[in-house]
Amino acid sequence: MNVLSYVLVYRKFFLVVFTLLVLLPLPIILRTKEAECAYTLFVIATFWLTEALPLSVTALLPGLMFPLFGIMPSKNVASAYFKDFHLLLIGVICLATSIEKWNLHKRIALRMVMTVGVNPAWLTLGFMSSTAFLSMWLSNTSTAAMVMPIVEAVAQQIISAEAEVEATQMTYFSGSTNHGLEIDESVNEHETNERKEKTIPVPGYSNDAGKNSSNMELEKNSVTGAKYRTKKDHMMCKLMCLCIAYSSTIGGLTTITGTSTNLIFAEHFNMRYPECRCINFGSWFMLSFPAAIIILFLSWIWLQWLFLGFNFKEMFKCGKTKTVKQKACAEVIKQEYQKLGPIRYQEIVTLVLFIVMALLWFSRDPGFVPGWSALFSKYPGFATDSTVALLIGLLFFLIPAKRLTKTTPTGEIVAFDYSPLITWKEFQSFMPWDIAILVGGGFALADGCEESGLSKWIGNKLSPLGSLPVWLIILISSLLVTSLTEVASNPATITLLLPILSSLAEAIQVNPLYILIPSTLCTSFAFLLPVANPPNAIVFSYGHLKVIDMVKAGLGVNIVGVAVVMLGMSTWIVTLFDLSTYPSWAPPISNATMP
């Protein structure tokens, strides 16, 4: 028993040593560059899947192993760790830092919810829409973390309002006040206030101690201290939690900068197929936005039906008087919005820069008309989306946000400097350096696979798949990616599979976009488990959900996501990129397959 306990304590260390030793015969016996690169690939893949080492630390292994195996010189490997992607990421993080610093995200989210209304179904749709919109420009993790406290406050207010209605009704019929209900409500309000101030995540916690046998029986969430007066209240809390988790991921599908997997795909594709010049901010938005809208809408219907039922008659009643619960909910949202005060100068400047950045991205090379990049026709392809991101990003460090003052010996207050919209220290606290290193490691790994010939070897072995229908190949790869990303991080999954899928497309003479686009989109469909995605873990920590709730809901959203992606690949995406033929910008067929 002591030995087993010892092994469990040092399991990560033993896993690293075991993996290195077990796979060692591969380069020793075969003694080829392909085998040596495969050894590196398998080691990195194992460490990424098991997280025996931190993901970014594992991503540094190509810098160590490729020079030792003679696959690539160290300076070439090092150059792969900083690409155009990283400049784009820096500009986007500058925008995200300013949005969060000046609370523009809260204003946008609350305003959108106020516009939608307070009917539970429409309220859920409002939260999903605002969360998805924010996730287009911010990371899904920060979006979920910012919106979830607002959602929790609204949910608890609805529960309190229902208790108030029941107490009022019982007072009216009995002629006296039910002090028990008053006590319960006051306790609930006190505990809710404590919950707003401090959340104590309990990963893996399951909050359902048992089913309610009566609608009036109280069910308590020991994480938040909140009471569920009815099963419907509990279902509503589950619904609102999941709608934030899933919409924060779905919204990130729509833009190149919305999620790290999109950025990784864009950089890999543009590096591997530089002659294409077909993947940019505008083209990605045109292919992914319809898919994201459909997935978001169908997910809303699915979650609503699964937890609260879907009553069309109730939803579309016009002119109906609002219930006490709906009025209370609207009041909470209104109060949260009023706390922000009037819109400030800093928020206006951030919003203007945000709009300018989006417009410059869309208009750089829209495709159907010449973009502003045509002004630099002497240097085609030099200006990219990262150029725009850096231009706007630098302005955040330049534009004044407020004056800095000091008091002179005479007591006079004078300005001596100004503070910009964001500072370098604030930027550093938001910059995901671990993702930057992870992506760089993926680029280095892809370069090594290309240099060693491993990519071509894999492509040749996969060429028999060319006998299958293309739609079946896409479906298989999409399901494979969707399953793998549930147990591995999204960036690690896409980084590992992109070189392999690119080689597969070249080997079977199919437009690489035909396989890479659905695989990239499906990498974000990590909806089943709390550990599959940071937003899942954030909402799970609030204690309203059990793992089985997330599995049931996530399975439906996964099916919807894959189905919509397959639909898009057979309709508007095919037309957008002309995927029916093998393109001239891809490697010639004679080079894509081995004779």
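Using the three backbone atoms N, Cα and C, a Cβ is placed for every residue, glycine included.
Listed in TrEMBL for this protein:
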- 187-199: compositional bias 'Basic and acidic residues' (COMPBIAS)
- 187-206: region 'Disordered' (REGION)
- 12-30: transmembrane segment (TRANSMEM)
- 42-69: transmembrane segment (TRANSMEM)
- 81-99: transmembrane segment (TRANSMEM)
- 119-138: transmembrane segment (TRANSMEM)
- 239-265: transmembrane segment (TRANSMEM)
- 285-307: transmembrane segment (TRANSMEM)
- 343-362: transmembrane segment (TRANSMEM)
- 382-399: transmembrane segment (TRANSMEM)
- 470-501: transmembrane segment (TRANSMEM)
- 513-532: transmembrane segment (TRANSMEM)
- 553-577: transmembrane segment (TRANSMEM)
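Counting residues 6+ beyond its ends, the transmembrane segment (285-307) has Cβ neighbours under 8 Å at 121, 124-125, 128-129, 132, 235-236, 238-239, 242-243, 246-247, 250-251, 253-256, 362, 517, 521, 552-553, 556-557, 560-561, 564-565, 567-568, 572-573, 576-577 in the same chain.
It is 470-501 that, among the stretches 42-69, 81-99, 470-501, forms the most Cβ pairs under 8 Å with the transmembrane segment (239-265). Long-range Cβ contacts of the transmembrane segment (470-501) within its own chain (Cβ-Cβ under 8 Å, at least 6 residues beyond either end) map to 44-45, 48-49, 51, 55, 259-261, 264-265, 268, 435, 438-439, 441-442, 445-446, 449-450, 455, 458, 462, 508, 510, 512, 514-516, 518-520, 522-526, 528-529, 532-533, 558, 561-562, 565-566, 569-570. Stretch with the largest number of CB pairs closer than 8 A to the transmembrane segment (382-399), among 81-99, 343-362, 553-577: 81-99.
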